[in-house]
Amino acid sequence: MKGGSIPMHGAAIMPSPVLLWRFKAGEHMGRYLKIYKQCAEVLLFLVWGISCCKIGWDSVMRMSADLRDLFLYEAFLYYNPLLLVTLMVWLWGVNLWVFAQSSVSYAKVFDLDHTHLTYREIWKCSTWMTIIVPTSMTAYLYLYSHGEVSLAASQPVMLYTVMLMLLVFPFDIFYLSSRYYLLRTLWRIILPLQAITFSDFFLADILTSMSKVLSDLERSVCRMVNRQVATIAWFEADSICGSHSLAIPLVLVFPYLCRFFQCLRQYKDTKEKTSFLNALKYSTAVPVIFLSALKYHVFPNKWTNFYRPLWLLSSVINSLYSFYWDIARDWDLSVFTRIFKFKNPHRCTSLLYGRIWVFYWVIGSNLILRCTWTYKLSAHLRHNYLTVFTITALEISRRFQWIFFRVENEWNKMTAKQSIELSTEDVPKEEDRLLGPASHSM
C-alpha cells in the first residue's frame, strides 16, 4: 500500500548506540571498581603489617635487656609453628596454581571429588592465617610488656583453641568436606592398617618436613596445659616442659615412624623391594634424633668421644640416602621441568620450562637443604631459635619444590598405565584372530 510501512521480519534488530555505550561503560566501571577494591585491600594489608611491626618492636624495646631474649624466645615458641604452617599453606596454593595451569590433574592424583579446594580458596585460608596469627602475637607482646600478664597468656591459648575448633567443627561450614578429608588422611597415617594411597604417604612426607613444627606445637600445648604461659617456670631445662624433655625427640621421630610403617605396609601388600628400601631410608632418621637427645642425659666426655661421632655419621647417612632417593625414585629426571609447560602462554613457561639452570638449582638446593636437615632434627642444636626457624622455613621451601616433581612423576605413571591398558584393550584376543568374524560370505 502506498505510504504504508512494510515490516522486515527477517532483518536483525540493531541495538541503539546509546545502549552499547552504556553497556561498555558498565564493563569499564566494573573493571575499575575491581581494581580499586584490590588496591584498597593491599593498602589496608600494608597498614596492618606496618602497625603490627611497630607495636611489636616498641613492646620488645620496653623489656629490660636481660629479659628481652627470654621474652622473645617464649613468644616465638608459641607462634612460630603457626607461622610456618601459614607458609606451607601459601606454598601449597602455589603448587595447586601451577598444577591448574599445566596438564597435571592433581584432583585425579589425590583422588579428590568436585568439592576440593582450589588454589584461590587455599590462598583465602592462608590470607586469614597471615592476618590472625601475627595479630595475636602482637597482642601478646603488647600486653606482656605493659604488665597485663594474664591477658597476654590468654592470647596463644585462645588462638590454639580457635584453630582446633575450626579444624574439627562438625557442621557444614568452612570447607567441611576438605577438613574431613584432611582428618581422615591424618588418621590413616597414624594407623596404617589399610592399603596405603598416594595421599597417605604424600601428607606423611610433608609431616616429616614439619617435624620441628610438631615438636614446638607439643612444647606450646604442654606449657598451656601446665599453666606455664608467660611465666619462667619452663626455663628450668629439666622441668616437664623444659628443653631436656624426652617428649621432644619422641615427637620429632613420630612422622618418620609413621612413614616407616607405611612403607612396611606397602611391602606387605606389593612385595616390592623398593618399599622395603624406602622404609630403610626413614629408619636412618631415628639415630640422628635420639643420639642428639642423649647429650642431655650422658656425661659430657662420653658425648664428645662416643655419641657425637655416631651422631655425625648417622646424619651423613640420612642426608645422602634421602637425597639419592629424591633424585632416583621420587622424581623423573627425563621429564624434568615439564610441569611448567602451561596450557596457555605464560611468563613462567618461558622462564622455567626446559631451562637447564632449573635442573641444577633443584638438584643443588635439594642436596644442601638435605644436609642442613640434621640441624632441624637435632635437639642439642636448637638454642638459636631464629636460625632454627630459618632452616625450618628453608626445609618447607625444599618440600614445596619437591611437590612439583613428585606429583608430576605420579601423574606420568598414571597416564602411562592408562595408555597401556587402552592399548591392551585394542589388541584383539587370539581366539578372535583365529576365528575371524562370525558372519562371512561364501
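Backbone N, Cα and C atoms are what each Cβ position is placed from, and that goes for glycine too.
The average per-residue pLDDT of the prediction over the domain 'EXS' (239-439) is 82, rounded to a whole number. The domain 'EXS' annotation in TrEMBL covers 239-439.
What TrEMBL records for 422-442 is region 'Disordered'.
What TrEMBL records for 35-57 (among others) is transmembrane segment.
For 77-100 (among others), the entry in TrEMBL reads transmembrane segment.
Per TrEMBL, transmembrane segment is recorded for 121-145 (among others). Within its own chain, the transmembrane segment (121-145) has Cβ neighbours under 8 Å at 45, 48-49, 52, 55-56, 59-60, 62-63, 71, 75, 78-79, 82-83, 85-86, 89-90, 92-93, 96, 151-152, 155-156, 158-159, 175, 230, counting only residues six or more beyond its boundaries.
Residues 82, 113, 115-117, 121, 125, 132-133, 136, 183, 220-221, 224, 229 of the same chain, all 6+ positions outside the transmembrane segment (157-177), place their C-beta atoms under 8 angstroms from a C-beta of that stretch. The transmembrane segment annotation in TrEMBL covers 157-177 (among others).
Residues or ranges marked as transmembrane segment by TrEMBL: 189-211 (among others). Long-range Cβ contacts of the transmembrane segment (189-211) within its own chain (Cβ-Cβ under 8 Å, at least 6 residues beyond either end) map to 84-85, 88, 109-111, 182, 251-256, 258-259, 261-263, 265-266, 269, 282, 285, 376-377, 392, 395-396, 398-399, 406-407, 410.
Annotated transmembrane segment per TrEMBL: 231-258 (among others), in sequence order.
What TrEMBL lists as transmembrane segment is 279-298 (among others).
Residues or ranges marked as transmembrane segment by TrEMBL: 348-369 (among others). Counting same-chain residues at least six beyond the ends of the transmembrane segment (348-369), those with a Cβ under 8 angstroms from any Cβ of the stretch are 98, 101, 323, 326-327, 333, 336-338, 340-342, 394-395, 397-398, 401-402, 405.
Only residues 6 or more beyond the boundaries of the transmembrane segment (77-100), in the same chain, are considered here, and those with a CB under 8 A from a CB of the stretch are 106, 117-119, 122-123, 125-126, 129-130, 133-134, 136-137, 140, 156, 159, 163, 206, 210, 213-214, 216-217, 219-220, 223, 229, 339-340, 348, 385, 389, 392-393, 396-397, 399-400, 403-404, 407.
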